[in-house]
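Taking it in order: structure first as structure tokens, then the write-up.
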Amino acid sequence: MKTQMNYAKEGIFTKEMQIVAQKENLSKDFLLENIACGKIIIPANINHKSLDPNGIGFGLRTKVNVNLGVSNDCVDYSEEMKKVELAHKFDIEAIMDLSNYGKTSRFRDELVNVSKAMIGTVPVYDAVGFLEKDLKQIGAKDFLDVVYHHAKSGVDFMTIHAGINSRAAHIFKQSKRLTNIVSRGGSVLYAWMMMKDAENPFFEYYDDLLDICLKYDVTLSLGDALRPGSTHDASDGAQISELIELSLLTQRAWDVGVQVMIEGPGHMAINEIEANMQLEKRLCKGAPFYVLGPLVTDIGAGYDHISGAIGGAVAAASGADMLCYVTPAEHLRLPNLEDVREGIVATKIAAHAGDIAKLPKERARDDEMSKARQEIDWEKMFKLAIDGEKAKKMFNERRPDDLNSCSMCGKMCAMNTMNQILKGEDVSLA
């Protein structure tokens, strides 16, 4: 089976590439060149028939991913499907099913069947439930069985923590971190490695993993098991050593035509973000970078969507290609629908703010909004806003008597004042 990367290397412009080119207003040659060399990916499993393809990477708009899924404390698949509907409403490009309890295949199959967004999973989360074995009883190649099952079901990309091999694990042990390993998948694999005194199975059998990805054109999202879970741990030896391992794994995937993106931090002081984006691009030869936040402070509990949006905007402006949303419930509980909405909007704002910095053409919508404000065209403002529904609701909660202003400024509306005076009219504030 050929992947999007293989087709690009042969100069074949697939229907998925055509859709992305139209969405991004990019040329055929630009896309072919950058998909062929790995700087742009189009996650598109051959079995995901409902997919509306999107590209991630160089020269493209920053994409947003929404996480959802059940846990052993909250098993309500109907609510998770409502989160999917909400993600679709906001035109989210990627959805990850992070369910880590029970038999998850039915929900995942439904997700692939109904979702136009690309679907991602973390197969190691599903290992215990799928295999019906406790962690210590799972064999190295058992993990690949889970990967195969997910790939066959139509998942477009998978987080695989192949970089935390014995070398990276050794450096982690010497790192004296405050928060150790905060990646769920990474912590599970590390525990398995320690209990079995064995190499990371995804690293040991990486070629077998690539064969699965090739068969279904699954994009590898190389997970950062050693991402910093606190600003204290950011940019340390453990994080960077794993990134080096991921760069080597990226090249091996590219050599056979498997698409790759790299996952990144995490928690990180705002002054370290740009350098980390540049380092990933340098080490991984331009492979798309998919970051969680980064959260720029550790004390924003209840408001981590704000901390994540601040870091995400800086990351996107500095080269990050996809942002994983962060909700107000981060670090506290499974998010509800309102948390998901707040996280989506905050992250879309961050992604767009970054795009204005790196893709000047993306300012056009902002200019239209500014024009609508100058013209005091409320309906146009609501239409252009990222969350126009909330904007309209807030406006109507204290609707002004004179629609040439809002309830904040009333007759002292600066826009209305300037519109009148520049037309040669007198201004009356009485």
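Using N, Cα and C of the backbone, Cβ positions are placed for all residues, glycine too.
Per Swiss-Prot, the feature substrate binding site maps to ASN67, MET96, TYR125, HIS161, SER183, ARG184, GLY185, ASP224, ALA225, LEU226, ARG227, GLU263, TYR290. Annotation source Swiss-Prot lists Zn(2+) binding site at HIS267, HIS331, citing sequence analysis. What Swiss-Prot lists as [4Fe-4S] cluster binding site is CYS406, CYS409, CYS413, and the listing cites sequence analysis.
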Number of other Cβ atoms within 10 Å of the Cβ of HIS331 (Zn(2+) binding site) across all protein chains: 14
Between CYS406 ([4Fe-4S] cluster binding site) and ALA225 (substrate binding site): CA-CA distance (Å): 49
Three-state secondary structure, which DSSP defines for TYR125 (substrate binding site): helix
Using Cα positions only, nearest of the binding-site residues to CYS409 ([4Fe-4S] cluster binding site) (SER183, ARG227, HIS331): HIS331
Nearest-integer angstrom distance between the alpha carbons (Cα) of ASN67 (substrate binding site) and HIS331 (Zn(2+) binding site): 14
Lowest local Cβ density (other Cβ within 10 Å) among binding-site residues: TYR125, TYR290: TYR125
Proximal residue to TYR290 (substrate binding site) among binding-site residues HIS267, HIS331, CYS406, CYS413 (C-alpha distance): HIS267
Separation of alpha carbons, HIS331 (Zn(2+) binding site) and TYR125 (substrate binding site) (Å): 18
Shell list ([4Fe-4S] cluster; ref centroid = CB of CYS406, CYS409, CYS413; cutoff 8 A): PRO400, SER405, SER407, MET408, GLY410, MET412, ALA414, MET415, ASN416
Surrounding CB atoms that lie within 10 Å of the CB of ALA225 (substrate binding site), all protein chains: 33
For CYS413 ([4Fe-4S] cluster binding site), the number of other Cβ atoms found within 10 Å of its own Cβ: 18
Densest Cβ neighbourhood among CYS406, CYS409 (binding-site residues), 10 Å radius: CYS406
